[in-house]
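Visitor: Pulled the feature table from TrEMBL, pasting it below:
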DOMAIN    7-160  domain 'ATP-sulfurylase PUA-like'
DOMAIN    171-385  domain 'Sulphate adenylyltransferase catalytic'
DOMAIN    393-544  domain 'APS kinase'
BINDING   Gly401, Phe402, Ser403, Gly404, Ser405, Gly406, Lys407, Ser408  ATP binding site
Amino acid sequence: MFAPNLAPIPELYVSYESAQKLKVEAADLVSHDLTPRQICDLELLMNGGFNPLKGFLSEADYDGVVENMRLESGALWPMPITLDVNEDFAAKLELGQDIALRDQEGVILATMTVTDRWEPNKAREAEMVFGADDDAHPAVNYLHNQAGKIYLGGPVTGIQQPVHYDFRGRRDTPNELRAYFRKLGWRKVVAFQTRNPLHRAHQELTFRAAREAQANLLIHPVVGMTKPGDVDHFTRVRCYEAVLDKYPASTTSMSLLNLAMRMAGPREAVWHGLIRANHGCTHFIVGRDHAGPGKNSAGEDFYGPYDAQDLFRTHQDEIGIEMVDFKHMVWVAERAQYEPMDEIKDKDDVTILNISGTELRRRLAEGLEIPEWFSFPEVVSELRKTRPPRSQQGFTVFFTGFSGSGKSTIANALMVKLMEMGGRPVTLLDGDIVRKNLSSELGFSKEHRDLNIRRIGYVASEITKNGGIAICAPIAPYATTRRAVREDVEAFGAFVEVHVATSIEECERRDRKGLYKLAREGKIKEFTGISDPYDVPASPELSVETENVDVDNCAHQVLLKLESMGLIAAQ
Ligand code: PPS
């Protein structure tokens, strides 16, 4: 349907000589240090992956994209690609000014002429682009809790690509892929987008899709930013490499895409299609619940299972790439082969097998068998290396509660009990200890408390990543900050939030440090529970009462919880 056009597409880079000159000149410009997500966006802007965009969106383009998925020019573009900054930085700038865009090491990647500066209506963006103003959506959470308040727009001049030291040979710009397809004579290419490891069913369905379209296949996994909690891309790429060997020779290739996903379902599917068209592909596989973000805060799916396919189909001609349905493949035991579920005529007479993602994670976590019909041994072995049984993984126990609620005492008891069991190193990050050693310059304003908790979260996530047990016991009064810490930790292991639910009246009655008295007298300001807020955890893994229950028992309740989650072996 779509004639292959593999001519080069426009990039935003200047020539090597001009780049060297520009780099020197840009050293004097006001600099913005790009966030990891902005670096991903910038790379695809510069290399043409986001063609026809010429820079971060102007306000008019942004409004059009948010309202009806269209740039001011009328071109289809479903995702706001915006440069968010804080108010102080934005206030320093004048419209028309050039700024330098630097990576996290300070290397200048590009310059941008700031033509637009505005404060976006984030609630509207959340509703229109992501379908709901609900922080359970990862991109909405990012929008409200991580992105700066002000957006800057303007054309970008590319100086150099962001540097990647990993899997260099597997990363291709759109023009490199186009040249590769030209060289191999691949006139039709089906792209497969993924953020998960591939198993036999995926191998089967992608190969069938390519065969049906009489095309070659490009496995095009995202290695930029995916959904929090996904398998890390290092492991995934090793898995993809193993699967690549299973396709017939010369039919299939793989390239890594440094995209920062938004998990925006239907709009994301259209965006993915445009990006793949820019990479020279003619077909694109769209599945059930494509780029779905999971459940909303009411426990329901954000999007209908086929919304992405429907929206894609409506815009297919403009996207310039043909959608290929993702077939639901199942293993038919009697015939020992994968077949598309909707093509099995004798459903009642055969044994149909499948393992869901949740079930796979459970089996990996608990070290249970994963059958050969489900995955390739090389893939399973890679996954097992990064996901040892839960009882050998690192994790974080995060106590939260008022001052004097008993957090430190229970945390200490828990630490000793875990050390008695042995097996993993245990580190206690108690509120007072952290404030002495890590955060001695901080006070108790919201900003300082957030900084303090993010530091604790960072250390806890490093401990968790390296297979240890971190026990944290700060007040941590803000739900959004606790959630951010949860995300940091869950990238590497379990996060167990324990609310020490001692009432403020009881804490004040105990007043072990005499601080409540001082707080009542106004001698300590911003005191949690007295003159400063505390967000009661809405769904902690465990809530412990300390009134009429001794410390030993509270610590034991935590141990039982850890045991029920498989984090420690049954005693
Ligand atoms: S936070 O909000 O999580 O950063 O607080 P945290 O680091 O846990 O520090 C709490 C301990 O500091 C003492 N302290 C105060 N707490 C609350 N509000 C104010 N204004 C304050 N000023 C000092 C208090 O002893 C807390 O200790 P714990 O161990 O919680 O009783």
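Including glycine, each Cβ sits where the backbone N, Cα and C put it.
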Visitor: Please list the binding-site residues from Gly401, Ser403, Gly404, Ser405, Ser408 whose Cβ falls under 6 Å of any atom in ligand 1.
Guide: Ser403, Gly404, Ser408
Visitor: Other than Gly401, Phe402, Ser403, Gly404, Ser405, Gly406, Lys407, Ser408 themselves, what residues in this chain have Cβ atoms within 8 Å of the centroid of the ATP site's Cβ atoms?
Guide: Ala473, Ile475, Val500, Thr502, Cys507
Visitor: Counting only residues 6+ apart in the same chain, whose Cβ is under 8 Å from the Cβ of Gly406 (ATP binding site)?
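Guide: Result: Val500, Thr502, Thr546, Val551, Cys554.
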Visitor: Where's the emptiest Cβ shell within 10 Å among the binding-site residues Gly401, Gly404?
Guide: Gly404
Visitor: Mean pLDDT for the domain 'ATP-sulfurylase PUA-like' (7-160), as a whole number?
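Guide: Within the domain 'ATP-sulfurylase PUA-like' (7-160), the model's average pLDDT equals 97.
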Visitor: Does DSSP put Lys407 (ATP binding site) in a helix, in a strand, or in coil?
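Guide: In three-state terms, Lys407 (ATP binding site) counts as helix.
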Visitor: Any same-chain residues 6+ apart from Ser403 (ATP binding site) with CB under 8 Å of its CB? Would you list them in sequence order, or say none?
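Guide: The list for Ser403 (ATP binding site) reads Ile475, Cys507, Lys513, Leu515, Tyr516, Phe527, Thr528, Gly529, given in order along the sequence.
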Visitor: Have a look around Ser405 (ATP binding site) and count the other CB atoms within 10 A of its CB, chains all included.
Guide: 26
Visitor: Taking the Cβ of Phe402 (ATP binding site) as the reference point, list residues of the same chain whose Cβ is under 8 angstroms away and which are at least six residues distant in sequence.
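Guide: Expected: Ile475, Val500, Thr502, Ile504, Cys507, Thr528, Gly529, Tyr534.
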Visitor: By a simple count, how many Cβ atoms lie within 10 Å of the Cβ of Ser408 (ATP binding site), its own Cβ left out?
Guide: 20
Visitor: So if I measure Cβ to Cβ from Lys407 (ATP binding site) and keep only same-chain residues at least 6 apart in sequence, which ones fall under 8 Å?
Guide: Phe399, Thr400, Gly401, Asp430, Gly431, Ala473, Pro474, Ile475, Val500
